[in-house]
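**Q** Dropping the structure in here first, questions after.
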Amino acid sequence: MTTFCRVLLIFGIYVAVSCAQSVEDDVFHFTNPSQGNAVWILDESSLPWTGGYQFLRSISGMPTTLLSIVDSSTGVTLGQCVAPQDATGNFSKRWEKFSWELTASGLDCQFEQGAATRVEFDRSQNPRTFSIRIQSITGPACLRDVVVQTEQATGCPPHLSRNSFTANALNCSCPYLDAANEDGETENEDVDMLANSPQFPLFKVVDPSVLGSANPPTLPPSPCANHECHNNGTCLVSQEGAAMCLCRNGFTGDRCELDVCSAVPCQNGGVCRSNNGIAYCECPPAFSGLLCESAHTDESAAPICNPECSNGQCVLKDGQPQCECRQGFTGANCNVLDVCLGDAACSMFGPSAKCVLDDNMDKMSSASLINGTYDCLCPHPIHGQFVDCMQLHAPSATSVQPSEPAVVINNVTPSFPVLEISQVPTGAPKTFTATSTTSVATQPAVPVVQTLPTTQQVPSEPFVGFTVTREPLRPFEATTTTTLPPPFQQHIITAGEQPTWSSQQPQQPSEVPVPAQTMTTFIFPQTPETTTFPPTTGATVHKFVSPNMPDENEEEEEDETTDETEETFPTPSTMQVATDSSIRSEFFTSTFPTTTDMEETDEEEDMTEEVTDSSTQPSTTVFIQPSSTTFTTEAPTTTMEEEETTEQEEIESEEAISTTTQTSLPFWMTTIAIKMPDIVASPTPMIIMPHPQPEEKMETSTEGIESEEERTTESNEEIIPKNMEPTTPSDITHHHTSSGKQSSAVASWIIATIALIVLGSLLLATSLFVLRYIRQSRKLHGKYNPAREEHNLSAAYAMPMSHIAKEERLI
């Protein structure tokens, strides 16, 4: 029995809690009186829109606004449902029913006891979007049984899935629920029940006459009692207990005394409206404008623009039809795209750059949409005025004009080696201008300009024309070997401290001690040249023959006699400078024409690659020679004798190369420590060579230098002066003989044959292994059983019993 009572008690508590919870979940109130609301958004396609709920009137005693309809496009309130005033002065604390129906023409509001109101809407030519709101500031104190379009609000906070429902500060429960009379009974009925109930003496302990008359409690006066709101404004009590006015659209101020439309004189029957405190004129259909001052004409009298406006509308300006373009378009017919919109077209010049359309863009007419032309303007860093960004950002390097033979670039001499290159236009004649200046304190600098105009243009060269500025050339003393790898068939231009020169007037030699410096080698791809001196009457004939440029007859003889592949490098790729402090250099300037031949022979025929260039160039070259090594040739020599001597020296050098292993550093790892010896002025032009040669001839042989380089590599203690020409290097010739080609082909065939034999042997061994494996597996798995084979053989030759007579079978 006790257990049964406990179960009943628990069940009763559960039912009571469930009922209370269901009541709480179905009742809602706004926790924020100033910002709480419930909003639906719908268009005319959702009409008619119906709903309803039960409510408790506002605790402020003011009229309770149950529903507000606002035009979403303009913000104008179209209509409201306000609860009618009851006998208690809007202080009734009981649940009342309310329902509504929204249509395109108006709002119908239904209240209990048959009360109803209707609000008509103004007609609109455009489709409307409605915003339906329940505001906490003027709305009901509590709500329950909310049903919209047959959908009931569920959850806490409430949730409705249709018409974009949103709610702010709307929560479950109601703090005023105890004061509401859910059964609809009034206080008078409660008094009557107490009056009819039996009187017990137990409760009459004190005589009523002794108590006297007690004054009923009175509420303090509302702050809005003395706060008047003009122009139908509504007085509200804030959370701080102060009175404030809620003004209608078109009015503002503390008491709604200011009319925002008072200063807007709408014309031609226009009505002033207000949206968020901003006044505007709502014009009749026949008028338009800010104050409805413009009257519409008939369509037949509408302005016609020729050509037709593509991205705008045709309007009358000063009595003339003109195109009024939309944003982003310009031109006479609005068919020119404004590419300067947003200054994105000039963003590559920085944030301060601005884009400006050309002046004629607003008058340009086009049949199709085109991009407008524009200019990018940037502020000048000095005076701040806007100039063309292209001119402001143009490179400041000095370029050589086609008509100028030479340009002096630099007047300021830095304390470190400088190499500046400026590109010359491709179509201009190629002009190589090298300007050198000196910074020696004891002797004024005399710039020497070397100009090599070329009549033949080679488009394959990467540097069609360039200007090189470098520091003065000075004599140096160092010993190093630089070997250029075969792929780099290039010229070498040395920037840094090099031998310097003096003017043509004789000067006294002066010794200037200069600390050791570092010479940097710059490589520019260019065509090799063969430099020759033209024979002059009564003078010595000198010819500088490139060691790797033999004639066609000599090439054929070398192909027949040579059986090995040789690779010969030009003279400037291998440089050795003797370190002798006693050597005194003399300098001069001489001008002579330079002849360059350019040929290409087929590799497949004689495996010879030769690159030469055919042009005649006047040039100015500076030669250097120690004072102790000066050679002069009295008798002129012929070119054939010199070439034969060169060929013999090449053969001797090849034998030395085959027996000695040459080790050299790559060109990118080569630096030459140089020193500055005495400077000697030489007034008389003469050719000076640092390498001693026989007196009968003056030659430059690459093979001799290479053999000396090998001896220098083997023994670093022995220092031998080497030939160093400041002129451009000769070409590089690769000789590949036919015997080497045949030997490499035979070796390739032998290797291929051996590979095929090995592959065939592997395939044969694999096949034998597979066959052996199959045979062994058949024996192991019973497929090859000798007993079974014997039984099958005997059964095949045995006579069946059907062919034997019955008597024989019985026997």
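Glycine residues also receive a Cβ, built from the backbone N, Cα and C atoms like all the rest.
Sharing the features that Swiss-Prot gives for it:
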type	residues	note
COMPBIAS	551-567	compositional bias 'Acidic residues'
COMPBIAS	597-612	compositional bias 'Acidic residues'
COMPBIAS	626-639	compositional bias 'Low complexity'
COMPBIAS	640-655	compositional bias 'Acidic residues'
COMPBIAS	705-717	compositional bias 'Acidic residues'
DISULFID	CYS224-CYS235	disulfide bond
DISULFID	CYS229-CYS245	disulfide bond
DISULFID	CYS247-CYS256	disulfide bond
DISULFID	CYS261-CYS272	disulfide bond
DISULFID	CYS266-CYS281	disulfide bond
DISULFID	CYS283-CYS292	disulfide bond
DISULFID	CYS305-CYS314	disulfide bond
DISULFID	CYS309-CYS323	disulfide bond
DISULFID	CYS325-CYS334	disulfide bond
DOMAIN	258-293	domain 'EGF-like 2'
DOMAIN	301-335	domain 'EGF-like 3'
CARBOHYD	ASN90	N-linked glycosylation site
CARBOHYD	ASN171	N-linked glycosylation site
CARBOHYD	ASN232	N-linked glycosylation site
CARBOHYD	ASN371	N-linked glycosylation site
SIGNAL	1-20	signal peptide
**Q** Of ASN171, ASN232, CYS256, CYS323, CYS325, which recorded positions are close to CYS305 (disulfide bond), meaning a Cα within 10 Å of its Cα?
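**A** Final answer, ordered: CYS323.
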**Q** Calculate the per-residue pLDDT averaged over the domain 'EGF-like 3' (301-335) and state the result as an integer.
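**A** Averaged over the domain 'EGF-like 3' (301-335), per-residue pLDDT gives 85.
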**Q** If you compare CA-to-CA distances from CYS325 (disulfide bond) to each of the disulfide-bonded residues CYS261, CYS266, CYS292, CYS314, which comes out shortest?
**A** CYS314
**Q** Run through the Cβ atoms and count how many others sit within 10 Å of the one on CYS292 (disulfide bond).
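**A** Taking every protein chain into account, the count is 21.
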**Q** What does DSSP give as the helix, strand and coil breakdown of the domain 'EGF-like 3' (301-335)?
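**A** DSSP classes over the domain 'EGF-like 3' (301-335) add up to 1 helix, 14 strand, 20 coil.
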**Q** Fewest other C-beta atoms within 10 angstroms of its own C-beta: which of the disulfide-bonded residues CYS229, CYS261 fits that?
**A** CYS261
**Q** At the level of the C-alpha atoms, what whole-angstrom distance separates CYS245 (disulfide bond) and CYS235 (disulfide bond)?
**A** 4
**Q** Which of the three DSSP states, helix, strand or coil, fits CYS261 (disulfide bond)?
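**A** For CYS261 (disulfide bond) - judged by DSSP and reduced to three states - the answer is helix.
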**Q** Using all protein chains in view, find how many other C-beta atoms are within 10 Å of the C-beta of CYS305 (disulfide bond).
**A** 19
**Q** Between the Cα atoms of CYS309 (disulfide bond) and CYS272 (disulfide bond), what distance do you get, rounded to the nearest Å?
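**A** Each residue's Cα considered, CYS309 (disulfide bond) and CYS272 (disulfide bond) end up 33 Å apart.
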**Q** Using DSSP reduced to three states, classify ASN171 (N-linked glycosylation site) as helix, strand or coil.
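**A** DSSP call for ASN171 (N-linked glycosylation site): strand.
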